[in-house]
Amino acid sequence: MDATRKPLRIPPAMALYAEEQGVFDIIQKMVKKVLVDRPKDPIQYMIDHLSNDNDDVPRVFILGPPASGKHTMAKLLCKRLNATHLTPESVLSSDVSLLAKEAQSYRDKGQEVPDELWAKLMQQRLSKVDCIKRGWILEGFPKTREQALKLQMAGICPDHLVVLDAPDIVLIERNMGKRIDTANGEVYHTTFDWPSDPTVQRNLVEPEGISEEETGLRLIEYHRNIPGILRTYPKTSKKINADQPYMDVFSQVLTFVLSKPRSLAPHTPRILLYGPPGSGRSLQASLLAQKYGIVNICCGQVLKEAVADQTKLGEVIQPYIENDQQVPDNLVLKILTEHLSSLESATHGWVLHGFPRDTDQAALLKDAGFVPNRVFSLDLSDDVVIERLSLCMTDPVSGERYHDIYKPAPSSEVHERLQQNPRHSEQRVQARLDMYHANAEELDEFYPDVIHINADQDPYTVFEFIESYTVSPLPRPLPEEPTSP
């Protein structure tokens, strides 16, 4: 590239479109489906695949030992995600095909249904419209590694495998209290979920196979088979402790099911940090820039650099800087655009802080084509902000910063010569806080995917939170809960 020419500016629209529409992932999933299903007409198959628009529907296996809560979790997930609930029994009972009749004949003879036949049955059921459009939650299957491998050979692979886990003694106690409603097959428990309706209570019966000895045998079989199943799905499985309140278990299950696997798509971080003064935005931005090589763009710093470099825009904004006045938004945006559209920012990504401070500035940034793909709000109470800033002093001799509580001066001599930045006086800090709070709620509405992080903790703990959300895809949005009629 000719270094004597004007600096290369890359318009962000192309990469932004590809990322927003998930172009890379769409193509990757289509190629995967074509290779697995091997249709006779790949072009028409891909057109149909795009028409289905079902890449993000849930495809989940829920496994676990007896009485671990598989049925409860599957029902809650299906209700929350509007997915189809499947079990081996429901697949057999609702199917009238020749395959189902063949499988039922094995059961009538007291024989095990062959794994290959199970795979064909599942493939047939999952190809129906409700599973394609809404997704599916398969409970209690596969039970062995052989069944899991047969499912893989049939092209059935879950996006998430939930494995519920609890101590055997807890599971045995749970199982012995299980009761079944003969009217509708609903499961209740003598301790944890006893119905209040006397009619339902009269319908409850003790199911077969829940004695301590029988449960122990089923647990032995489960523990023998589950390691092989986990080896079959090493990257999509997660164990969740089921020995806790069921809503806590469900919260963890739902969080996992909504998570997305790490994408192989090219990812250029465009990170926006905002928060009250003293929340640590500058420190977090510098840590991100240092570790990942992205461009650290501090609004206040680039304005001062423009003045110091005596650029044309720098000369225009110099009076505002010298008089401690707010620089007009259009001038700020012009200077930021030079940095945000640079070759380095376009190829390595950027982290921006200090702008925008309100929705008008956020709209200007969006109209200019600079849309962050991660937005973090560093939350801090006013008392902590005032404590952090108003007690911070600087040694004019060494330039070292000290804090009356967290980092006191090493000697009385140093303490006596410490000076406070005028901007850190309690009165001015409170004024900046008032300005921040006046706009914070509207900024949260402007960026609906904003991730709130508690900044009142160790800065490296805060960085770990930011890092985890930056390197991994954002979770799927949670569907709206169905409204009762």
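Even glycines carry a Cβ here, placed using N, Cα and C.
Listed in Swiss-Prot for this protein:
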BINDING   A67, S68, G69, K70, H71, T72  ATP 1 binding site
BINDING   G140, F141, P142, K143, Q147, R218  AMP 1 binding site
BINDING   G278, S279, G280, R281, S282, L283  ATP 2 binding site
BINDING   Q325, Q326, V327, G354, F355, P356, R357, Q361, R432  AMP 2 binding site
REGION    58-258  region 'Adenylate kinase 1'
REGION    87-113  region 'NMP 1'
REGION    177-206  region 'LID 1'
REGION    269-472  region 'Adenylate kinase 2'
REGION    298-327  region 'NMP 2'
REGION    391-424  region 'LID 2'
Would you please pick out, from the binding-site residues A67, L283, the one with the fewest other Cβ atoms within 10 Å of its Cβ?
L283
Measuring Cα to Cα, how many Å separate V327 (AMP 2 binding site) from P142 (AMP 1 binding site)?
63
How big is the gap, in Å, between the Cα of G280 (ATP 2 binding site) and that of F355 (AMP 2 binding site), rounded to a whole number?
15
With Cβ-Cβ distance below 8 Å and at least 6 positions apart along the chain, what are the contacts of G140 (AMP 1 binding site)? List them in sequence order.
I62, L63, K70, T87, P88
Under 8 Å between C-beta atoms and at least six apart in sequence, can you list the same-chain neighbours of R281 (ATP 2 binding site), or say none if there are none?
L273, Y274, G275, H353, G354, L378
Spatial neighbours, same chain, of K143 (AMP 1 binding site) - Cβ under 8 Å, 6+ residues apart:
N225
Measuring CA to CA, name the entry from the binding-site residues A67, G69, R218 that ends up nearest R357 (AMP 2 binding site).
G69
Remaining residues near the recorded ATP 2 site, that is with C-beta within 8 Å of the centroid of the site residues G278, S279, G280, R281, S282, L283:
G275, Q284, H353, L378, A455
Neighbour tally for R357 (AMP 2 binding site), based on other Cβ positions within 10 Å of its Cβ:
18
Using C-alpha atoms only, work out the spacing between G69 (ATP 1 binding site) and F141 (AMP 1 binding site) and round it to an integer in Å.
14
Give the sequence-ordered set of same-chain residues, not counting A67, S68, G69, K70, H71, T72, with Cβ within 8 Å of the centre of the Cβ atoms defining the ATP 1 site.
G64, M73, L164, A242
Which of the binding-site residues T72, F355, R432 has its Cα nearest to the Cα of S282 (ATP 2 binding site)?
F355
How many of the residues that make up the region 'LID 1' (177-206) does DSSP mark as helix, as strand and as coil?
6 helix, 10 strand, 14 coil
Looking only at C-alpha atoms, tell me how far F141 (AMP 1 binding site) is from S279 (ATP 2 binding site), rounded to the nearest Å.
48
